[in-house]
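Some features that Swiss-Prot has for this protein:
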- 1-27: region 'Disordered' (REGION)
- 1-39: topological domain 'Cytoplasmic' (TOPO_DOM)
- 9-27: compositional bias 'Basic and acidic residues' (COMPBIAS)
- 61-374: topological domain 'Lumenal' (TOPO_DOM)
- Asn156: N-linked glycosylation site (CARBOHYD)
- His180, Asp192, Glu253: Zn(2+) 1 binding site (BINDING)
- Asp192, Glu227, His329: Zn(2+) 2 binding site (BINDING)
- Glu226: active site, proton acceptor (ACT_SITE)
- 396-424: topological domain 'Cytoplasmic' (TOPO_DOM)
- 446-457: topological domain 'Lumenal' (TOPO_DOM)
- 479-489: topological domain 'Cytoplasmic' (TOPO_DOM)
- 539-553: topological domain 'Cytoplasmic' (TOPO_DOM)
- 575-584: topological domain 'Lumenal' (TOPO_DOM)
- 606-619: topological domain 'Cytoplasmic' (TOPO_DOM)
- 641-895: topological domain 'Lumenal' (TOPO_DOM)
- Asn679: N-linked glycosylation site (CARBOHYD)
- Asn796: N-linked glycosylation site (CARBOHYD)
Amino acid sequence: MSTGIRRRHADEKKNILEKESLQNDETQREMEKDISLLRPAHWNFIGLFFLVLIIGTTFLHKCLPEPKDPNQEETQFSEKRAVKVLQELSDYGWKPAGSYNCEELTRNRILKELNDIRSQNQNVENLRFDIDTQYVSGCFDIPAHDTEGMNICYRNVSNVMARLGKGEKKDKISVLLNCHYDSWPTSNAGSDDLSSCALMLELIRLYSKNPHLLNHDVIFLFNGAEESSLLAAHGFITQHSWRHEIRAFINLEASGSGGRELLFQAGPANQWLLNSYLEAAIHPHCSVIGQEVFQSGVYPGDTDFRIFRDHGRVPGLDLAFVQNGYWWHTEFDTAERITKGSLQRAGENVYSTLNHLLKSPYLEKPAEYADRKTVFFDFLGLFVIIYPLSIAHLVNMLTICTVIALMSHRFYSKTFITFLALRDYVLTILTIALVLKAMTFMSLFTYGALRWYTRHWLALVAYGLPSVWAGISVQGLLTARLAPKAREEYGSTLELIHLTLISGILLAFTYYDIASGFLFALLLVPAIKSIITYFGAWPTCPTFNTILTLILSFPGCAMAIYTTEMLLSIFIPIMGRSSYNPEPAVSFFVAFSAGCIVLSLGGLVAKSRNSRSSNEAGLLELIYNILGVLLVTLTILYVFSSFWPSPYRFDNVYPTAKRTQFFHVNQMLYDRNGQISVNDTRFYAISHDYRGAEDIPFVKKDPEYTGLQCHYENNPWCETPFLFPTKGRLNERNIRVRSVDERLKFKHPVKILGISKRHGVDSKDGKGNIEYSFSVIGTGQISVYIIPDTTWLITNTSVTQPKTPQENMFLYYTCSTPNNICEWMFKVTIKKTTQTPSDDKPLLIGISSHYLHGPEMQSESIKNMIAKIQENRVNSPEWTVTASAWNVDQVYKYF
C-alpha cells in the first residue's frame, strides 16, 4: 500500500472515530444537534409505515368477494346456487372410494344434477350435452413425492363425465376440468374436493345457457378415486375415448377450506396456458414460489395434475384452496366451514380463464407457441407480473454487476469505513441469528412446540419481535461509537453492503435457474438510491431521506411480508401433520420478513440521533442488550402461555385440533418354519406432529403404551399397518402401541397364498433368482409389503418393473365391490446378490387389509375412544384431537 493511501486511510479512521477523542458527552450532544440526523418522530413514522404495511398485506391476503345470486342472463357465477348442492353432497358423510356413500349417494346425486341441467336446457339452440360414466381398472406406479413411491393396481373405480359443445358434431379439440368426489376415510370432503365439484356443476349451468362461448368442447370429469392415490384420473386419461381430444386441463383441488385459491402448478411448458390464467383471472393469486416449493416435495400432498401430466402428456393448471388447512382430511371438513366468498372468487377466476382459453389460437396448435420458463407472481393480490426467466436472468445480472461495481468503488475510496460497516453488519446478522437460535431452543424447551399453531401472531412475538428488537438495538449500539459527521457515509456503506449480500443470494438463485429469486430482485430496488448517490449528492434532509428510503424499500419489503403471510397461513396447519421440529421453519419464515425490514433500515439507524456515549457501547452492553431481548420476549411468551397452555383449541366454528391416527389391528406373524410366532390384537396410536404420541392424553396416562419394537429385523415398516408408504413422515416419538383385549372378528379374514415358486439362474452372472406367484384376498384396500432378505433384491413385479433392483417394495391394491372383498394375483421376482447357496425362504410378504368403510370399519374400542375425545375436548384443550381410525387385518409370512 502506498504512503498516500496509508495517510488517507489514517485520516479517514481519525475522522470516523473522532467521537472517542471528545472531552465530554455534552460536546458530543451539541454536535449531534448540528447535523441532519433522524429524530424520534421519524422513527414513529417508520413504525407506523410498517404497521400499516403488515395490516394491509394481511387484509389483502384474506380479502374475498361477496357471494352472488344468479343474474337474469345466466352469465354470472353464483356461489349461493353452487353451495346448495355442495351442502347436500357434504352431508352424505364419509365417502372413501368404494363405499356406499361414494359410489351410490354422491355419484348418483352428481349424475342426477347433470341430468337435471341437461333436461332444463334441452331446448337451448346449438347445445350439445353428453353424459357418460366409467368403471375402470388398471395399474401404474407413483414415484417418490408425497409418499416414498409405490406400485398400484385398481379395479372398478368410478368416473362421471359431462361433455359440452356447440353443434351436433364433437369437436376434435377439448379442455378438461377435473374434481374428485371421494374423500379421505374419515372426512365429509366439504372442501376437498366437493367444493370443486360444486363449482364445476355451476359452470355447466352457465355454459348450458350460453353455448356460444364453447368455441371448443369442455369435458367435466367428476372422478371417484383420488384419495386412494389418483386412481380414477389415471383410468380416465389412459382408457376413456374422450381423452384423445384433450389439449389442456384445469385441475381443481383443495388442501384447505376456502380462502383464496392458489395457482401453484402450471405446465409442463406451454406458456400460452399460463397466460390464459394470468390475463383473464379476475382475482389472480399465483406465485412461482408455490410451484417450486410444491415440486420440491416439501409440501406433503399430490394431485391429479401429476396423472394428467405424466400419463396423459397434457399441459394444465393446478388450482387449489390452501387456506384453513387445519380441517383437511378430518371430520371438520364440512361445507359450512368453507369461507364465504371462496367459491365465488374461484368460480369467477375459472370461468373467465376457461372462456379465454377456449378462444386461444394456441389451443389448436400449441406447438407453435415457443415454450419458455417464466417468473410469475401476484403483487399483493392486486395484479399479476409475468416475464420470461431469460429476461429475469438478464435483469438480475445487470443489477448484480451494478451493485458489485458500486461496492468496489466504495471499498476503494472508503476502505476503513467499509471494513467497519461490514464488521457491524455481520455482527448485527450474527446477533439476530443468535437470538433466533436461542428463542427457538428456549421456546421449545420451556413451552413446547407449536405454541403458535392456533394463534399465528404468537410466532411474531416469539421470533419477529426479538429479531427486529435485537437487530435495531445492536446496530444503534454499534453506531454510538462513531463520530456524528461520519455517520452519513457509514449509513450509506451499510446500505450498500446489505445490497451486496442480497445480490449474492440472487446470483445463486440465477445460477440454479430458481425463478423464486424475483423476491430478492425486488429487495434490490433501493440500489437506485446508491446509484443516485454515486452520480450526485443525496439530500441530507432526514425527512426526505426517510420517505425516499421507505418508498424504495416498499416493493421488496411488501412482497416479503406478503409472502411470509402466505407461507405461514399455508404451512402452519401443515406443521400439524409433520413429525419434524417445526420451530426452525417457522422462525425462518418470520425472520425472513423481519430481517428484510431491519437490515434495510440499517442505514437509517446509523443516521439517527443516539443518546448513548461511546463508553456505553462496549461488549458488555451488547451482551446485556441480547439478554434483555431474550428475557423480555420469554416473559411475554410465559404470560401468553399461562392463558393458553395448549397449542390446540376446540371451537365449532374454527377448531384447530391435534392430528392423530389409530389402527385396531389383528396381527398374525409367522416365522420361517411356517409357525405362528405372534397372534395378537394391537392398538396403534400415531401422532402426526412433532409433539409426539405422548401428547395424546390417554396415551400419556397409560403405561401400557410403548414404543415400536420390530418383530422382523429387516422390516422397514416395523409391522406398522401403513395404508400408504409414509414411514418417512414419522419417527419413534410419533408411534405408540399396546395390546388390547378386544379381538376383531372379521367375516372374511385376510389371506395370502403362495401359488408357485420357481427357482432359476441368471445366465449372465450365474446368480440365483426366484419367481413367485401369490394370491391375496382381503378388503377393497390392501397394502402389500415385499421384503426380501438382505442378500436378495427385487428385480420385477407383475405390476411394474422397477428401474433398478429394490431392497423392498410397497404395493397398493384397491377395488370397488358391494361386499368390500377383493382377490388379487401378482408375481414377484427376486435375485440373489451373491453366489452362495439359496436360502429356503428368502422372501417376507406382509399384508394389511384396511377396513375404510362399512360396518366393520371401527371396533367398539375405537368408537369408545372417539366418544371420549368428543366429550372431553369441549372443555379441555389438550383433548382437542381429531382421529382417523379404522380396523386392520394383518399377516406376515415367509415364502
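Glycine too: its Cβ is placed from the backbone N, Cα and C atoms.
Structure with Swiss-Prot features highlighted.
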| residue | record | DSSP (3 states) |
| --- | --- | --- |
| Asn156 | N-linked glycosylation site | strand |
| His180 | Zn(2+) 1 binding site | strand |
| Asp192 | Zn(2+) 1 binding site | coil |
| Glu226 | active site, proton acceptor | coil |
| Glu253 | Zn(2+) 1 binding site | strand |
| His329 | Zn(2+) 2 binding site | coil |
| Asn679 | N-linked glycosylation site | strand |
| Asn796 | N-linked glycosylation site | strand |
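Non-local neighbourhood of Glu227 (Zn(2+) 2 binding site): Pro96, Ala97, His180, Asp182, Ser183, Trp184, Pro185, each in the same chain, at least six residues away, with C-beta under 8 Å from its C-beta. If you compare Cα positions, Asp192 (Zn(2+) 1 binding site) sits closest to His329 out of the recorded positions Asn156, Glu226, His329.
Once Cβ contacts within 10 Å are tallied over all protein chains shown, the binding-site residues His180, His329 are led by His180. The Cβ of Asn796 (N-linked glycosylation site) has Pro802, Lys827, Val828, Thr829 as same-chain neighbours under 8 Å, each 6 or more residues away in sequence. For the topological domain 'Cytoplasmic' (539-553), the residues of the chain that approach it from at least six positions outside its boundaries are 36-39, 42, 45-46, 49, 488, 525-526, 528-529, 600-601, 603-604, 607, judged by C-beta separation under 8 angstroms.
There are 27 other Cβ atoms within 10 Å of the Cβ belonging to Glu253 (Zn(2+) 1 binding site). The Cβ centroid of Asp192, Glu227, His329 marks the Zn(2+) 2 site; residues of that chain outside this set whose Cβ lies within 8 Å of it are Ser183, Trp184, Ser187, Ala189, Asp193, Glu226, Trp328, Asp333, given in sequence order. Listed by sequence, the residues of this chain that lie at least six past the ends of the topological domain 'Lumenal' (575-584) yet keep a Cβ under 8 A from its Cβ atoms are 300, 326, 440, 443-444, 449-450, 453, 656, 658-659, 688-690, 729-731, 733-734. The Cβ neighbour count for Asp192 (Zn(2+) 1 binding site), using a 10 Å radius and every protein chain shown, is 30. For the pair Glu253 (Zn(2+) 1 binding site) and His329 (Zn(2+) 2 binding site), the C-alpha distance works out to 13 angstrom. Note on the topological domain 'Cytoplasmic' (396-424): residues 9, 12-13, 16, 475, 478-479, 486, 489-490, 492-494, 496-497, 499-500, 502-503, 506-507, 509-510, 517, 521, 524, 527, 530-531, 534 of its chain, located 6 or more positions outside it, place their CB under 8 angstroms from a CB of the stretch. Same-chain neighbours of the topological domain 'Lumenal' (446-457): 568-569, 572, 575-576, 581-583, 586, 634, 637-638, 640-641, 644, 647-649, 656, 689-691, counting only residues six or more beyond its ends whose CB sits under 8 Å from a CB of the stretch. Annotation for Asn156 (N-linked glycosylation site): spatial neighbours Tyr135, Val136, Ser137, Cys815, Ser816, Thr817, criterion Cβ-Cβ under 8 Å with sequence separation of six or more.
Taking the Cα atom of each, His329 (Zn(2+) 2 binding site) and Glu226 (active site, proton acceptor) are about 13 angstrom apart. Long-range C-beta contacts of Asn679 (N-linked glycosylation site), restricted to its own chain and to partners at least six residues apart, with a cutoff below 8 Å, comprise Gln667, Met668, Leu669.
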